[in-house]
Amino acid sequence: MWLRCPHCHQLLFAKQLTQYAVCPNCDYGLRIPARHRLSWLVDSFKEFDKDLQTKNPLHFPGYQEKISKLQRQTKLNDSVLTGEASINDQLFSLGIMDPTFIMGSLGTVTGEKITRLFEYATTHRQAVVLFTASGGARMQEGIMSLMQMAKVSQAINEHAAAGLLYIVVLTDPTTGGVTASFAMDGDIILAEPHALVGFAGRRVIEQTIHQQIPIDLQSAENILHHGFIDRIVKRQDEKKLLEWLLKTGSVANE
């Protein structure tokens, strides 16, 4: 099976890819399901809130059927996987957004799961690591999805007030309401190489300002250059770096 890297457009043979699903030519991390990332990222994992279900608050036509189909395909109840994880005996609270579940969009269940994750971490005095991947707020849930931005941010504020560490890893893509809220609230903000990070999409921006924008305007490398994030980390180095950050953060918090 062949595929083309979305970043460098190199034609890749699927067997060339390692477990990390990284382009060997440019280090771009292909979009992967949350459970795939979990398989190599942590040593142990206890899942939270796996039975939460959306109630389709706006009775959007076809929405419930789409959710049910994606739940069967991804083995997730919504667009984020949350739980308590460990790396080399370092316990922490972990959230991984899944770009294969309605493009990781932020709905009521996703917002509730992330809020509960921070509440658990605050109660148990744990750091939070959150991998973001999202197209933004979920249109099928309207204003209810937008309210999740404020709800999650409040839980983050309480976690921060307790003096606890919050690490964000921006993956491709991180856009819309997720970027405008909890994706940029971290104490430490990392990003994968060439990840798309922004608010509005390229086409929307160009149609609004009536001019073209630089091709790399919303790249992880460009936002690092302008000081919006702390570091770009290759996918295969994430576990080792997170272990060091969690250990350093736990010592500082003692």
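Glycine is no exception: its Cβ is also placed from the backbone N, Cα and C atoms.
Since the structure is predicted, the reported quantities are computational estimates derived from the model, not experimental observations.
The domain 'CoA carboxyltransferase N-terminal' annotation in Swiss-Prot covers 1-254 and is backed by sequence analysis. Among the features that Swiss-Prot reports, Zn(2+) binding site is placed at Cys5, Cys8, Cys23, Cys26, with the record citing sequence analysis. Annotation comment: Swiss-Prot describes 5-26 as zinc finger, evidence class sequence analysis.
Long-range contacts of the zinc finger (5-26) within the same chain: residues 32, 36, 39-40, 193-194, 234-236, each at least 6 residues beyond the stretch ends and with a Cβ under 8 Å from a Cβ of the stretch. Neighbours of the Zn(2+) site: apart from Cys5, Cys8, Cys23, Cys26, residues of the same chain with C-beta atoms within 8 angstroms of the site's C-beta centroid are Pro6, His7, His9, Gln10, Leu12, Pro24, Asn25, Asp27, Tyr28, His194. A sphere of 10 angstroms centred on the C-beta of Cys26 (Zn(2+) binding site) encloses 14 other C-beta atoms.
A simple way to gauge crowding: the CB of Cys23 (Zn(2+) binding site) has 22 other CB atoms within 10 angstroms, across all the protein chains here.
Looking at the zinc finger (5-26) alone, the prediction's average pLDDT is 89.
Secondary structure of the zinc finger (5-26), assigned with DSSP and counted as helix (H, G, I), strand (E, B) and coil, comes to 3 helix, 4 strand, 15 coil.
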